[in-house]
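Enquirer: The structure is given below, and queries will be raised subsequently.
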Amino acid sequence: MFVIIGLCVYVVPDGETRKVKHLRVFFVTATWSIFAYIWLYLILSVISPGVVQVWEGLLTFLFFPICVVFAWVADRRLLFYKYVYKRYRTGKQRGMIIETEGDRPLPSKVDIEMDGKMLNSHGVDFLDGPLGLDIDEKDLDEEETRRDMAKILKELKQKHPDKEVEQLIELANYQVLSQQQKSRAFYRCQATRLMTGAGNILKKHAADQARKAVSMHEVRSETGENDPVSKIFFEPGSYQCLENCGTVAVNVVRRGGDLGKTVSVEYRTEDGTANAGSDYEFTEGVVVFKPGETMKEVRVGIIDDDIFEEDENFLIHLSSVKVLTSEGEEPEEGESANHVDSVACLGMPSTATVTIFDDDHAGIFTFEEPVCHVSESVGIMEVKVLRTSGARGVVMLPYKTLEGTARGGGEDFEDSHGVLEFQNDEIFKTIKVKIIDDEEYEKNKTFYIEIGEPRLVESISRLRVFYGDGIRLYEEERRIAEMGRPMLGDHVKLEVIIEESYEFKNTVDKLIKKTNLALLVGTNSWRDQFIEAITVSAGEDDDDEECGEEKLPSCFDYVMHFLTVFWKVLFAFVPPTEYWNGWACFVVSICMIGLLTAVIGDLASHFGCTVGLKDSVTAVVFVALGTSVPDTFASKVAAIQDQYADASIGNVTGSNAVNVFLGIGVAWSIAAIYHNSRGEEFRVDPGTLAFSVTLFTIFAFICVATLMYRRRPDIGGELGGPRTAKALTTMLFVSLWLLYILFSSLEAYCHIQGF
């Protein structure tokens, strides 16, 4: 405990500090860590001296889940922190007020310290009264994760504009994985891999995920391009023409499949609001695609008149796709039925809509829809202004942008204003507005584009009819002239809603799913395990972002690999985590660890006997030192990589309690039950346990007090800080460990009197 924390204090780079974020959790684990040794003293020396009863063994084991629950309650701020108070919060549906327990007062400075909050944090964390919002902590965590991911992707894209997709995904994966909160088990696994030449598991996982993502993208692209069946359809699916255009041309295209075949398709017009014979000419026929041809044109005649009309439309349908012989003839009936579906078929759209605009009116000006949704990544958005019900004459149409929740001036969009000039027979114009890309995960801001009154430049309202020697303007013609002036339509103010980029959002969501620490150490097959066991990988290098390049193993990696390859291959026989949802791996690995622990315990005892050391001294010095090596490196990695000190210090305090409650609790429970079933007592000699527990408790309180003192502003946190403070703290903790060994050894050899 003392050496590991002392090392963590010193390894933090100069000028940096690591502070415990959740003090409540730290106090819970530290208290249980000290209580664990006091409990051993109570059951061995006070309650039933020298005998471990069944209930004592079982209760020792039950303290393990109780300790975990207490730590979880403190971490989630449940019970005392949440349900004791009554307050009000807004529900997920607007307008809903939900009553909860109690009205929590504003937190004191101590409360803020215990929760890991800073005094300048957002008020929503503290205003839990009637005006405050109780936001689900899980939702907050998810939202924070998304924001962090989006920020990382944005920064990487700006920092590495020339990198390939695979490299950017790998960089993002590695950076997010590095910043995630990690468990003690992960740090032990990572530290062991780095020590034994197995490589950095974070970089390995990120690289594998990036390669899989790019491979799947390439497979999907190739699948889309190699469609075995030809699709025949209209492109585009809608057309517009003026009444005086004469004919309208509609494109029929063939995509995919075997383009060497001769294929035919029938077409036929159908009335909509326009009628065949008065508005357009009825047309039907067959389009033949010869080998290599991908586009054909169908023409339909448009009938012009001088009567003012609303816009009208008609339809053109495709049907009956057939595969022809090389001579252009239809094959036999049976052969055609069995063959055509596998060669060619109708695609979408198979129906085209043709809209006829009247040319006897200056036009009605309107947007297509009242609301437009646009992605923030679009760059320049283009909005169509339609000129319907006529297109005669030159018309000037002013427009401008208006702010809503979105701000102009380059914050969310660039302001735009001007005048659109519609030429004679021109039926639409586009307004261009620049959208600013903030690369936000979620966005919903609005602004408006408004068009003003149209102004006719070239008048076409003078309709005259000559009769004999004079000019007579009929009342009907006056009405038509009035109707023929340009006017505004229904949608003159377009609401533009700026939304997040769906491509960017999907990328963030995919990366969040991939950056799951629980999947890092998982394996799918024994083959992968044995390959990894005999492969040397690069260990830790400078913590830069250039993880896209392959790193070569160092000399140290090779040495450690060959020293530990036997153990790697041995544990490669453990079933992969994919089998039985990980239970096979769990059971077999526990059995192998238990077997090795028994062997190592006997070896340590024989070693102590050989060199003349008592078992108590051997256990305190060599066994404890050896079993703490993985924890030491795990805490070191956590101290350097994590933003806070919770993981590195929590590794120590938590493991002390777990080692006693779980390790000793299980063993003593089994032994006590076994001896009790035979009518015997399970005896354990307490020795000088009281002396050791007292010594450890005093030193533990000194350690905790020192860590709390280091939270003062002049040092800044439990770990790191100024070089002098780091050195003094490390020397103090190492001295406590040496003093503990010294006093325990002197007492074991009767140089001092124990109790």
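The backbone N, Cα and C atoms fix where each Cβ goes, glycine too.
Note that TrEMBL annotation is computational and uncurated.
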Enquirer: Looking at 447-467, 657-677, I want to know which stretch TrEMBL calls transmembrane segment.
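Expert: Transmembrane segment, as annotated by TrEMBL, spans 657-677.
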Enquirer: At a threshold of under 8 Å on Cβ distances, which of 25-48, 580-604, 657-677, 689-709 pairs most often with the transmembrane segment (54-74)?
Expert: 657-677
Enquirer: Going through 25-48, 580-604, 657-677, 689-709 one by one, which has the most CB pairs that fall under 8 Å from the transmembrane segment (730-749)?
Expert: 689-709
Enquirer: Considering every residue in the domain 'Calx-beta' (352-452), what is the mean pLDDT value?
Expert: 85
Enquirer: From the DSSP assignment alone, can you count helix, strand and coil residues within the domain 'Calx-beta' (352-452)?
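Expert: Taking the domain 'Calx-beta' (352-452) as a whole: 3 helix, 56 strand, 42 coil.
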